[in-house]
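Have a look at the structure below, then the notes.
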Amino acid sequence: MPPVPLLRLQCGVNSYDWGKVGHESAAAKYAATTAASDFSIQSDKPYAELWMGTHPSLPSKDLETQRTLLDMVQDNQALISQEVSERYGGKLPFLFKVLSIRKALSIQAHPNKKLAEKLHARDPRNYPDDNHKPEMTIAITPFEGLCGFRPLVEIIHFLKAVAPLRQLVGERAASEFENTVKGSEESEDPAVTEKNKQALRTLFTSLMRSSPESIEAATKELVAIAQNSPETFTTSSSTPETNPTNPAELAAITVRLNGQFPNDIGSFVFFFLNFVKLEPGEAMFLKADDIHAYISGDIIECMASSDNVVRAGFTPKFKDVDTLVDMLTYSYAPIAEQKLEPTDYPYAVLNAPAYSSGSSCILYDPPIEEFSVVKTDLKRQGAKATFDGISGPSIVICTAGAGKITVGPKTEEVNEGYVFFVGANAECIIESTGEDTFTTFKAFCDLTGKEDMVNGN
């Protein structure tokens, strides 16, 4: 009889400088619940990312046998399904993570499939994968980040209201941009939108090519304004209709970011990008080539299985400004268009205690084939959700409460931080065993109905 396709996973955690420190880090706490014998949380060490998947940089292991999940799915293709295995080279198509963010991650974008192949061939050390990396972020705790270019009217406002920004991009570049997009900032005509994107590209490139000396001088002035006049920061009496509603908050973030990365171009990129705040359970989706930066919070992140990053600010790591300014799409849109609204998940059945306690199964389903995520909240002891088998693999992590997970004849206890792999086509039942809400996130790949989505598009 084949083994039951339910594996408890041991997952590794990365210690990047931006991670939350010691026991403050959800990534560290979750890793510690199923840790290797040589792992213990150090109180002064940052812990940034818990990785769940088959990516070779930090592969998850089966707790019982200590074999990597990659080995196991390559030995037994049925665990991820023949179709998924053939399409994704015998590996999980997604990488599931928990990020615990204390200070800003780099301003970055992830190359699309075509560019990823080119960058990997040219520079495999800095670009270790040939795959694209669209990704989705779901907040576990309140989250702040930057995501995609702002609407053009907002960028124009900041060019007028933030003197050090205008000084840095240069009067000529600022005026040319304003004159090009004036009166057509919100046009939906494709030809006009394309013209606006090219104007934004020119302006942004001008900013990104600023000299270190001019960045330092402009930053000094910017921070002084933020500290001395927080209530009127980034506002203008001549254009009150476009003033931000939260000037003091923007001033505080400007000071905080400069404290983390002194004299960094990122403090000015901030005025080009949407400032996004997510409450727990809210999500955003980033297409390949979308510019973004995370600032603070604990999040669940799911992405196509790639570790490619093109960085250009808020980082001590390799910066590739030329590639970044060339690769971006320069699409601009309000925050609402970056957020991803979940819907009810139709392939799970809740029992009576689950229904009567207001338990829920909601689906975050981005417009790509590699992954979707279901968040389940079971709000009473004995509340149960039965998930239909799907024709692809799943990884489940518990972020709150206690319960159990059952696949076939096998039942495992589940506590906060526990991670499980569920094989393709297996019905999966989760049940709350405590009084507190039992919360799980389940990342999965099911190609059914996604035949029209071509990899990389």
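Cβ atoms are placed via backbone N, Cα and C, with glycine included.
Annotated features, as they stand in Swiss-Prot:
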- Gln108, His110, Glu135, His292: Zn(2+) binding site (BINDING)
- Arg311: active site (ACT_SITE)
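Using a 10 Å Cβ-Cβ cutoff, Gln108 (Zn(2+) binding site) registers 23 neighbours. In sequence order, Ser106, Ile107, Gln108, Lys317, Phe318, Lys319, Asp320, Leu324 are the residues of the chain that are 6 or more apart from Arg311 (active site) and have a CB within less than 8 Å of its CB.
Under the DSSP three-state reduction, His110 (Zn(2+) binding site) is assigned to coil, being neither helix nor strand. When the neighbouring Cβ atoms lying within 10 Å are counted for each of the binding-site residues (His110, His292), the highest count belongs to His110.
For Glu135 (Zn(2+) binding site), applying a Cβ distance below 8 Å and a minimum sequence separation of six or more within one chain yields His110, Phe285, Leu286, Glu301, Cys302, Met303, Ala304.
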